[in-house]
Amino acid sequence: MTFPWYGITTNWSPVGSDVNSAVDILVMVLYLLLVLGIGLWTILSRSRGTVEEFFLAGRNLAWWQIGASLFASNIGTSHFMGLAGTAATSGIAVGAFEWNAPFLLCVVGWIFSPIYIKAGVVTMPEYLRKRFGGCRIQFLLAVLYLFLYIFNSISVEICTGAIFMRMVLGLDVYLTTIALLTITGIYTITGGFAAVVYTDTLHAGIMVLGSVLLMVFAFKEVGGYQELLSNYLNTKPSIIHEGNWTAKPECYLPRLDSFHIFRDPITGDLPWPGIVFGISIISLYYWCTNQIFVQRCLAGKNMSHVKGGCVLCGYLKLLPMFSIVMPGMISRILYP
Ligand SMILES: *[C@@H]1O[C@H](CO)[C@@H](O)[C@H](O)[C@H]1NC(C)=O
C-alpha cells in the first residue's frame, strides 16, 4: 500500500485489506443510501425558510438528538484511527482526551449555552459582535473559524475516511474525498442544520453499536482484560524495521506506563500536568466556544433539553476508552 500524498511509500498491507465480499460492500452501499435518504427526507419534509429554521432546525431538538449530534460531530474516523493508533503505540493515556469531555460538556450546558441563548445569537462571531461591538472581531473570527475548520477538522476527517475506504475497498483516495465532500455538501447545504442533526443521530447510533461490537470481539479474541494487561507489555513487533535494528528496546516495546493515565511530568509522553490542565484549556475552546457544538446547544427546545443533551454526550464520551482505545491496544497483541 502506498500513501503518496504523505510522501511516505511503504508496502505495508493492512490486516483487513481482503474485505471485499459482496455482503460487506452491500452493507456499505446500503449505509450510504440510508444517509442520503435521511438527508433527502429532511430536505423535502422540513421548512428552511428562516435563519432559525436553516441554522438551528427551528430550535426544536430534543435532548437525545442534541446528545447524539454532539457525539457524532466529535467522534469520527479520525478518532477510530487516531485514538486506536495512539493507544496501540502508547496505551490508555490518550483516552483522557475523551474522559475530559464530560466536565467541559457540563460547562457548556450550564454556563455558556444560557448566555448565548439569552444573547439571541446564532453564531459565535455574531456573539462577539454583540459583546464587544464593531465588526472587526466578528470578521476575524469568522475567517479564522473557516480556516481552522477546513485545514484542521474537515481535512483530517475526510482524509482518514478516505484512507479507511482505501484500506477496506481499495478505492482511490481522491475519488473518495470528492464523493464524501459532495454527498455531505448536498445534504448540508440544501437540508440545513436539521439534515445534519438527523444524519448525526444515525451516525452516533452506528458508531456506538459498531465500536461496542468491536470491543466485544476484540476482548473475546484476546481472552479478557487480564490477558490484555499481562500480554500488552510483552508485545514485540514481528518485523523491526531495518533502520531500527540497533535501536534500544524502548523504541519498539510498549511503554511501561501504558496502563497509567497520569504519567510522569518529565519522562511521560503525555505528562499529567498536560492531561489535567492542558487538555482542559483546549477542550474549553473545543466544547464551549466552537460553533460546531454551540450550534447544537442553541438548537435545543429549551434549557432542560440542552442540558440533557450535554449529559447524554458526556456519558457517551466515557465509552471510547473501552470501545476504541482498548481495541487499539489489543490490535498490537493480535497483530504484532
Ligand atoms: C422543557 O420542555 C420539556 C418538554 O419537552 C418540559 O418537560 C420541561 O419542563 C421544559 N423545561 C423548561 C426549563 O422549560
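Residue numbering: from 1, along the chain as shown.
Cβ coordinates are placed from backbone N, Cα and C, and glycine is handled just like the others.
Lifted from TrEMBL, the feature list:
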- 20-41: transmembrane segment (TRANSMEM)
- 61-81: transmembrane segment (TRANSMEM)
- 101-119: transmembrane segment (TRANSMEM)
- 139-167: transmembrane segment (TRANSMEM)
- 173-195: transmembrane segment (TRANSMEM)
- 202-219: transmembrane segment (TRANSMEM)
- 270-288: transmembrane segment (TRANSMEM)
- 309-330: transmembrane segment (TRANSMEM)
- Message: Suppose I define contact as three or more CB-CB distances under 8 A, residues 6 or more apart in sequence; do the transmembrane segment (139-167) and the transmembrane segment (61-81) meet it?
- Response: yes
- Item | Same-chain residues at least 6 beyond the ends of the transmembrane segment (270-288) whose Cβ lies under 8 Å from its Cβ atoms | 90, 93-94, 96-97, 100-101, 103-105, 107-108, 111-112, 261-264, 294
- Message: At a threshold of under 8 Å on Cβ distances, which of 20-41, 101-119, 309-330 pairs most often with the transmembrane segment (61-81)?
- Response: 309-330
- Query: Any residues 6+ beyond the ends of the transmembrane segment (20-41) with a Cβ under 8 Å from its own?
  - Reply: 168-170, 183, 186-187, 191, 195, 198-199, 202-203, 206
